[in-house]
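Engineer: Feature table excerpt (TrEMBL):
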BINDING   Cys645, Cys651, Cys685, Cys689  [4Fe-4S] cluster binding site
BINDING   Cys689  siroheme binding site
DOMAIN    12-289  domain 'FAD/NAD(P)-binding'
DOMAIN    322-389  domain 'NADH-rubredoxin oxidoreductase C-terminal'
DOMAIN    426-473  domain 'BFD-like [2Fe-2S]-binding'
DOMAIN    488-537  domain 'BFD-like [2Fe-2S]-binding'
DOMAIN    563-626  domain 'Nitrite/Sulfite reductase ferredoxin-like'
DOMAIN    637-774  domain 'Nitrite/sulphite reductase 4Fe-4S'
Amino acid sequence: MIPGTAERKTEKLVVIGAGMASGRVLEHLMTEAPGAFDVTLFNAEPRGNYNRIMLSPVLSGEKTYAEIVTHDDDWYAQQGIDCRFGESIVKIDRANKVVYSNAGGVPYDKLVIATGSAPFIIPVPGKDLPGVVSYRDLDDTNTMIAAARPGAQAVVIGGGLLGLEAAAGLALRGMEVTVIHLMGHLMERQLDPSAGYLLQKALEARGIRIHCKGATKAILGTDRVEAVALEDGTVYGADLVVMAVGIRPETRIATDAHLEVARGITVDDALRTSDPAIWAVGECVEHDKQLFGLVAPLYDQARVVAASLLGHEAAFRPVQTATKLKVTGCDLFSAGDFAEGPGREDIVFRDPGRGVYKRLVIEGDRLIGAVMYGDTADGGWFFGLIKDGTDISAMRDTLIFGPAFQGGPSADPLAAVAALPPEAEICGCNGVCKGKIVSAIEGGATTLDAVRAQTKASSSCGTCTGLVEQVLAVTMGDAFVLPTAQPMCKCTRHTHEDVRRLIKAQGLKSIPAVMQELGWTSVGGCASCRPALNYYLLSDWPLDYTDDRQARFVNERNHANIQKDGTYSVVPRMWGGVTTPDELRAIADAADRYNVPMVKVTGGQRIDLLGVRKEDLPAIWADFNAAGMVSGHAYSKGLRTVKTCVGSEFCRFGTQDSTGLGIRLEKHLWGSWTPAKVKLGVSGCPRNCAEATCKDIGIVCVDSGYQISVAGAAGMDVKETELLCTVATEDEVMEIVSAFVQLYRENSRYLHRIYKFVAKTGLDWCKAQVVADLDNRRALAARFELSQSVYRTDPWAEHAAPRERAKWQPLADLSLEAAE
Ligand SMILES: Cc1cc2nc3c(=O)[nH]c(=O)nc-3n(C[C@H](O)[C@H](O)[C@H](O)COP(=O)(O)OP(=O)(O)OC[C@H]3O[C@@H](n4cnc5c(N)ncnc54)[C@H](O)[C@@H]3O)c2cc1C
Ligand code: SF4
């Protein structure tokens with residue numbers, strides 16, 4: 001020691017990673033105990049600490065890099081920190097307490113690992129092509145900025161927080177952006193489907209294309225990226241691909257040094273690793289089986305690490321975090337736990353006009369989660385209630401309106417109709433739009449009858465009556481008293497008919513869209529409205545809407561009828577009730593192979609295999625498919641059977657080929673989803689051996705042609721069909737029957753059989769639509785065919801596929817594994 005100089009007692013502290021977590025650790029140390037450590041700071045990036053969460057504003061051009069630097073060269077110099085930027089640590093020698101970079105070793109007394117996370121790259125072909133970038137640091141951001149040319153195409157894989165910020169930034173730079181997201185809605189970890197829907201709408205409004213349920217298959221290109229191909233066959237052209245599908249803790253050097261590492265570097269409450277001389281902080285750590293991806297908990301960790309390094313007692317206790325998306329104009333907020341679960345209740349507020357959605361999740365007397373979109377002003381207040389576990393029972397009724405609420409406005413039931421533009425069609429039959437009805441009302445037509453007389457609105461099938469009345473109420477205010485109508489279910493004030501009309505008038509194409517825009521009062525609907533909405537959307541938008549299996553009844557989901565002992569019954573389709581020896585052999589073989597306890601001929605001339613175990617369903621379907629048979633849809637709200645008699649081919653009385661016509665009809669109509677089950681019968685003469693006159697649609701062949709009658713029933717109600725028309729040719733039968741089925745599909749309330757539909761709309765109206773008006777008949781038949789182009793498929797074939805089979809297996813019996 002040089003005489004006269006004080007012995008330096010400073011310990012050598014080495015920090016690996018100059019990110020947001022270690023930056024905060026150093027700040028604490030430099031404030032609380034300047035000079036306590038001789039600090040060397042390594043960083044793989046060739047720069048010091050900047051505010052990583054502000055990279056998105058840099059990408060979009062709203063900020064510059066200089067504006068987001070948190071610790072500049074002067075700061076490091078003032079604190080006497082030895083900065084080794086651009087130098088990665090490749091090895092930790094714990095025995096000798098030395099870290100190594102490629103430039104050599106540096107000894108430490110105490111070591112802090114703060115290496116953050118590495119972006120996850122999905123292992124698809126083409127992932128290494130030039131033009132594919134992740135989104136983590138300034139270099140990634142600069143690569144994106146360099147590639148962003150107006151009109152060029154960008155594909156962002158991942159619709160989470162980072163992916164959407166990247167998408168919005170690139171769109172602001174003039175790129176054509178497509179976001180591919182694996183899940184059903186955006187930001188599914190932070191948002192529920194309703195909020196996800198509003199976010200998607202907002203992003204689409206700014207020109208960003210969103211493809212949910214999209215699985216990336218390959219990134220295409222030769223010298224650099226050219227396109228992205230999805231599993232469903234879609235291909236998007238791409239000059240730039242941003243991979244933002246998630247992050248993984250960066251633990252490599254810790255693992256190599258044999259520190260305890262699970263998903264992240266394992267730390268105790270003081271953020272110490274399994275080596276007492278080494279601490280870890282930030283996204284690279286795993287504390288109490290939890291990982292961290294937002295800065296708020298990392299800043300808490302930083303305080304604890306600093307205290308611990310200085311020898312003080314300190315413990316990290318994770319607290320709730322809240323999320324906000326930094327995309328201008330997309331106000332969303334989520335915090336806490338908002339998964340559905342037993343004992344949890346929801347309070348939901350929707351204001352479709354303003355695009356506002358708020359949902360609070362309550363358990364007992366506490367608020368445990370909040371999701372908001374559109375108006376997030378009260379987010380902080382709700383977050384406080386969640387964090388503090390405040391008893392909210394006293395303010396429960398008014399909680400959703402926020403801290404400033406006094407009194408309690410209730411949601412406006414007429415909001416959806418008020419928001420309709422003048423050109424929105426209210427009466428489909430007569431093509432009357434809202435503007436015309438409003439003009440009539442303003443001109444003095446102040447009653448339903450007067451509006452009907454002047455505009456013809458609701459004067460035909462009458463299903464839009466409720467909507468016309470609502471237009472009267474919206475236009476006249478208190479001067480019109482709205483008759484009370486039975487709402488669809490407890491989740492809405494709208495009737496089935498109103499919902500059907502509004503789906504069309506507002507072009508709503510998903511269940512969250514309907515629920516948001518029509519002001520549903522529940523989060524995700526109920527067992528009554530979800531199947532109905534699923535059907536209405538499927539019927540109105542066959543090309544745009546994808547069937548939601550979860551919104552279906554159990555028989556429809558499982559494509560077999562569940563029986564009272566939990567087994568299933570399986571009915572292969574026999575076109576027109578005709579079978580062959582080969583088919584019968586296949587049925588007999590299946591009955592043997594799957595120990596089917598009963599084989600029964602149904603009232604609709606099909607063979608029912610009763611008592612099939614759930615786990616055998618895919619195999620039995622596959623066997624039937626192999627024998628050329630498809631599902632009889634004996635469980636669906638769709639075409640069940642077309643019962644036939646022998647007809648002219650064999651019978652002495654038959655006037656026409658009723659069997660052939662039945663087969664033709666069944667092959668044409670099968671697979672279509674309808675509001676309730678549909679059964680047909682075709683008899684070859686008026687002796688009516690197929691009992692066609694108690695079916696939903698019955699055809700009786702006569703000398704001059706075919707009598708088509710509709711609206712029969714032989715269930716709880718028994719009713720004879722009513723004559724729709726008589727036609728001369730089979731082709732006319734085909735066209736009229738498909739037009740009539742489509743009329744029923746488009747206008748009936750869900751679960752109403754055809755006889756109820758006809759009772760409501762009137763047979764005369766049906767005749768006018770499908771018999772008298774030839775153009776309308778053809779248009780209906782064409783719309784039916786369009787829908788069939790998507791839905792005339794065998795559900796068994798899809799679910800018998802090997803990859804689907806696991807879903808039908810019972811849970812494994814793990815006790816057997818332990819015995820081995
Ligand atoms: C674009 C973007 C937007 C974000 N938005 C938000 C937001 O809105 N809100 C929010 O709370 N969070 C947000 N985050 C997350 C937040 O930035 C991170 O949680 C935080 O930065 C993690 O801090 P960290 O110190 O653990 O890691 P980092 O900040 O990532 O720092 C780790 C550093 O360690 C370096 N390093 C790694 N290995 C080595 C090695 N072997 N040797 C030397 N150096 C090494 C890395 O290069 C890096 O510089 C965002 C992140 C990104 C990328
Ligand atoms: S309905 Fe007429 S054609 Fe058909 S089987 Fe009976 S008698 Fe014969």
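Every residue, even glycine, has its Cβ placed from backbone N, Cα and C.
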Engineer: Including all protein chains displayed, how many Cβ atoms other than that of Cys689 ([4Fe-4S] cluster binding site) lie within 10 Å of its Cβ?
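Structural biologist: By my count, 18.
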Engineer: Average the per-residue pLDDT over the domain 'Nitrite/Sulfite reductase ferredoxin-like' (563-626) and send me the rounded value.
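Structural biologist: Mean pLDDT across the domain 'Nitrite/Sulfite reductase ferredoxin-like' (563-626) comes out at 93.
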Engineer: I'd like the Cβ neighbour count for Cys685 ([4Fe-4S] cluster binding site), meaning other Cβ atoms within 10 Å of its Cβ, all protein chains included.
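Structural biologist: Around Cys685 ([4Fe-4S] cluster binding site), other Cβ atoms within 10 Å: 20.
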Engineer: Within its own chain, what residues at least 6 apart in sequence put their Cβ under 8 Å from the Cβ of Cys645 ([4Fe-4S] cluster binding site), listed in sequence order?
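Structural biologist: Listed in sequence order, they are Cys651, Gly654, Ser658, Thr659, Val682, Ser683, Gly684, Asn688, Cys689, Ala690.
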Engineer: May I ask which of the stretches 322-389, 488-537, 563-626, 637-774 has the most CB pairs under 8 A with the domain 'BFD-like [2Fe-2S]-binding' (426-473)?
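Structural biologist: Looking at each of 322-389, 488-537, 563-626, 637-774 in turn, the most contacts to the domain 'BFD-like [2Fe-2S]-binding' (426-473) are made by 488-537.
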Engineer: For the recorded [4Fe-4S] cluster site, whose residues are Cys645, Cys651, Cys685, Cys689, find every other residue on that chain with a C-beta no more than 8 angstroms from the centre of their C-beta atoms, and list them by sequence position.
Structural biologist: Val646, Gly647, Phe653, Gly654, Ser658, Ser683, Gly684, Arg687, Asn688, Ala690
Engineer: Tally of helix, strand and coil residues over the domain 'BFD-like [2Fe-2S]-binding' (488-537) according to DSSP?
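Structural biologist: The composition, in the requested order, is 26 helix, 0 strand, 24 coil.
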Engineer: Determine the Cβ neighbour count for Cys651 ([4Fe-4S] cluster binding site): the number of other Cβ atoms within 10 Å of its Cβ.
Structural biologist: 16
